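Trainee: Handing you this structure, nothing more for now.
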Amino acid sequence: MTTPLLSLQGLTKAYPGVVANDQVSFDIGEGEVHALLGENGAGKSTLVKMIYGLVKPDSGTMLLRGQTYAPPEPRSARADGIAMVFQHFSLFDALNVAENIALGMENPPAMGDLASRIREVSETYGLPLDPYRTVGDLSAGERQRVEIIRCLLQDPKLLIMDEPTSVLTPQEVEILFETLNKLRSEGTSILYISHKLEEIRTLCDHATILRLGKNVGECVPSETSARDMAEMMVGSTLQTPERSGREFGEVALDVTGLSVPSPSEFGTALRNVHMTVRKGEVLGIGGVAGNGQDELLGVLSGEILTTADAIKFNGQSIGKLGPTARRKLGVLTAPEERLGHAAAPDMTLTENAFLTGSVREGLESNGFLKWSETKVFAEKIIKAFDVRTPGPENAARSLSGGNLQKFVIGREVLQNPDVLVVNQPTWGVDAAAAASIRQAILDLAANGTAVICISQDLDELMEISDSFAALNEGRLSAPRLTTGLTVDEIGLMMGGAHGMEVAHV
Amino acid sequence: MDLSEINPVLLVASLMVAATPLLLAAIGELVVEKAGVLNLGVEGMMIVGAISGFAISVETGSPWLGFIAAAIGGAVLSLLFVLLTQFALANQVASGLALTLFGLGFSALMGQSYVGVKPPSMGEIHIPIISDIPVIGPVLFQHDPILYLGIALTAAVWAVLKYTRVGLILRAVGENHDAAHALGYKVIKIRIMAILFGGACAGLGGAYISLIRVPQWTEGMTAGVGWIALALVVFASWKPWRALLGAYLFGGITVLQLNLQAAGVAIPVEYLAMSPYIITILVLVILSADKSSAPASLGRIFHASH
């Protein structure tokens with residue numbers, strides 16, 4: 001075999017209390033699409049940060065085409081032909097596309113020349129972009145194009161992509177894969193990080209699987225089943241949530257003609273949203289991030305007020321009621337952002353349990369807190385949802401993402417809601433914890449709660465929801481029964497390809 | 001009351017003088033805030049600049065050396081802010097307030113022996129022919145060099161922010177410091193440079209008051225100009241030319257109301273005295289109705305967590 005493009009040998013990186021990467025070794029060949037698989041916290045991000053020069057390894061070496069490669073900073077990694085598309089976009093909202101791209105280049109040409117090169121490259125690869133648009137106004141898919149084009153303009157030898165498809169519609173994913181296949185045929189190697197196994201099976205030539213910072217196996221994805229790969233990632237057999245046949249009751253939540261402007265400058269306004277959820281039904285709401293999900297959750301939770309009749313709960317108009325009044329009635333919500341929205345990071349779990357549970361659990365009398373009852377409630381959540389923490393006196397910040405997610409979801413579920421709205425309930429949660437959260441949502445629905453689950457994970461929505469609707473630019477498609485829905489139909493509901501086209505040439 | 005006593009030529013000429021300290025301080029702070037740092041210590045850096053410039057120019061007899069010393073004085077005081085906010089990661093609001101309080105006290109201590117002393121005069125630029133044009137000459141072309149430096153600095157800051165790579169990187173750091181760091185830019189280094197520039201500009205502005213506008217030294221003589229500069233940056237939507245407009249408007253109304261007071265207009269002095277603040281803020285609030293907003297990382301502490 002010829003010299004690989006990049007060879008990692010025994011890379012180790014430890015942070016206080018945790019070894020992020022432990023003796024990781026693998027090779028990426030020339031023109032190969034190499035998948036890096038692993039749960040959240042398996043050390044994928046740390047590994048690519050070392051390759052990109054953001055983090056220095058404690059020990060181990062990297063060889064780039066046989067030469068020692070140890071980038072002191074991203075700048076020199078870029079100079080060596082390594083480019084990276086970040087998971088959380090590293091873009092500047094207030095600047096335009098061309099300025100954003102210039103910031104990621106070593107020696108950018110003058111703005112006018114750069115703009116025409118952006119147009120040229122974006123058309124060649126089927127990723128149309130106007131260089132003078134402000135990035136804050138772009139959709140998630142378009143923002144990703146900005147990142148990709150920023151990389152392509154530097155003729156990379158290795159393109160690192162960190163979970164690129166989590167924000168794309170199925171059609172956009174297909175087009176992205178066309179672009180990546182074209183790059184591969186031109187000899188560019190791609191390191192592709194994801195935990196979406198089917199994608200990896202269609203796209204990648206080779207896969208390396210990380211678990212708890214260690215390389216636990218390699219496989220050829222097209223010859224390995226998704227289930228086998230998942231079990232290599234998790235290290236145990238997976239349990240699929242069970243759903244029992246359900247009967248729906250009467251309409252619990254009725255939203256009619258709901259239109260609200262977004263509270264944030266670069267947010268999306270909701271336009272004429274209609275939906276009904278019956279008792280015992282799980283309504284899944286899909287859509288690419290930034291199409292009104294946060295606004296919809298805000299309107300349903302009472303953080304954003306609207307006209308009284310736009311939202312009805314059991315026939316009662318609640319559009320003008322704030323979050324506490326809605327909680328009292330039985331409409332509970334769990335927002336997406338764990339630290340800062342769903343939980344106060346520096347407060348203890350007991351205090352966080354009080355914050356949303358005080359009304360329904362009676363944790364307050366005449367303005368005084370009932371500490372002992374609150375603590376009992378917090379302990380109940382920890383026990384029922386298997387939250388791994390030494391006790392309820394620990395700060396929310398000290399929990400790992402998955403454990404905190406179990407806590408904030410459990411906190412709402414245990415309050416016996418009549419309507420529960422959750423946004424991204426399993427975002428950044430490992431497969432086992434995700435399965436238990438989904439099971440809890442299904443159990444709740446089986447007991448007659450109407451559940452609205454907003455998520456970008458289509459597999460999750462297909463698994464738990466009875467009916468499905470999609471948000472696109474603030475509009476909600478008409479809900480459809482989940483059974484029999486095809487991926488193409490879902491993609492069209494999500495807004496199709498957003499004007500992207502398949503790569504030319 | 002005799003409005004004919006007000007000479008419009010003198011009025012316009014003196015409004016430019018009145019506006020310059022404010023303009024210098026505001027342009028400096030604008031750059032600092034564009035880099036994502038909120039330094040509330042402008043007043044403190046101005047007054048330290050005022051006394052440093054005053055003392056050095058009295059001792060050396062050269063106003064030029066005085067202004068250089070003022071810039072250095074302001075920058076040195078801002079180093080304290082750098083230390084607190086960029087290395088000790090202290091809260092920027094508290095650190096800025098501390099800087100102002102410290103600057104006011106420290107300048108009073110330094111200036112004890114300079115009360116009542118007269119500084120050397122800088123003199124005016126006199127360009128043959130142009131300066132002698134009636135009306136336009138005295139209004140535009142018979143000023144001290146620092147006044148022109150203020151305008152040149154506004155133009156330079158505008159051009160650098162808009163057209164150069166340095167300006168783009170500075171704006172990027174102020175907009176999203178995590179992303180700038182991920183792309184490999186030195187967030188802390190860029191911010192330190194911006195803070196020092198802001199300190200130097202504030203120092204120049206302070207010295208302009210003690211050496212040209214008033215010229216003498218009294219304790220607390222900047223009298224809140226630093227705070228006005230801070231407000232001006234916000235209401236000017238972080239745009240250099242708007243800051244210039246706001247500074248001139250403020251200076252103009254200040255001078256005009258003084259003239260009106262002297263002319264004995266039948267409006268209570270208190271109303272006249274508050275008019276520059278109210279009118280400037282009103283005009284800039286109306287101007288800032290467009291959607292341009294603050295740098296997104298403004299006032300947030302950056303800590304590279306890799």
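Numbers run from 1 along the shown chain.
Placement of Cβ uses the backbone N, Cα and C atoms for every residue, glycine included.
Per TrEMBL, the features are:
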type	residues	note
TRANSMEM	B:6-25	transmembrane segment
TRANSMEM	B:37-58	transmembrane segment
TRANSMEM	B:64-84	transmembrane segment
TRANSMEM	B:96-115	transmembrane segment
TRANSMEM	B:145-161	transmembrane segment
TRANSMEM	B:192-214	transmembrane segment
TRANSMEM	B:220-238	transmembrane segment
TRANSMEM	B:245-265	transmembrane segment
TRANSMEM	B:271-289	transmembrane segment
Trainee: Counting only CB pairs under 8 A, let me know which of B:6-25, B:220-238, B:271-289 has the most with the transmembrane segment (B:245-265).
Mentor: B:6-25
Trainee: Would the transmembrane segment (B:271-289) count as touching the transmembrane segment (B:64-84), i.e. at least 3 C-beta pairs under 8 angstroms with sequence separation of 6+?
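Mentor: By the criterion, they do not touch.
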Trainee: May I ask for the residues of the chain that lie six or more residues beyond the transmembrane segment (B:145-161) and have a Cβ under 8 Å from a Cβ within it?
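Mentor: Residues packing against the transmembrane segment (B:145-161) from afar: 16-17, 20, 23-24, 27, 30-31, 34, 67, 122, 125, 167, 170-171, 201, 204, 208, 212, 239-241, 243-244.
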Trainee: Return the stretch with the most CB pairs under 8 A relative to the transmembrane segment (B:6-25), choosing among B:37-58, B:192-214, B:220-238, B:271-289.
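Mentor: Going through each listed stretch, the top one turns out to be B:192-214.
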Trainee: Under 8 Å between C-beta atoms and at least six residues away from its ends: which parts of the chain pack against the transmembrane segment (B:220-238)?
Mentor: 21-22, 25-26, 29-30, 33-34, 40-47, 50, 100, 104, 108, 202, 205-206, 209-210, 214, 245-247, 250, 277, 280-281, 284-285, 287-288, 290, 292-295
Trainee: Should anything in the same chain at least six residues away from the transmembrane segment (B:192-214) have a Cβ under 8 Å from its Cβ atoms, list it; otherwise answer none.
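Mentor: Same-chain residues near the transmembrane segment (B:192-214) but 6 or more away: 17-18, 20-25, 27-29, 31-32, 34-35, 37, 39, 42, 45-54, 57, 63, 66-67, 69-79, 81-82, 86, 119, 122, 144, 146, 149-150, 153, 170, 221-222, 225-226, 229.
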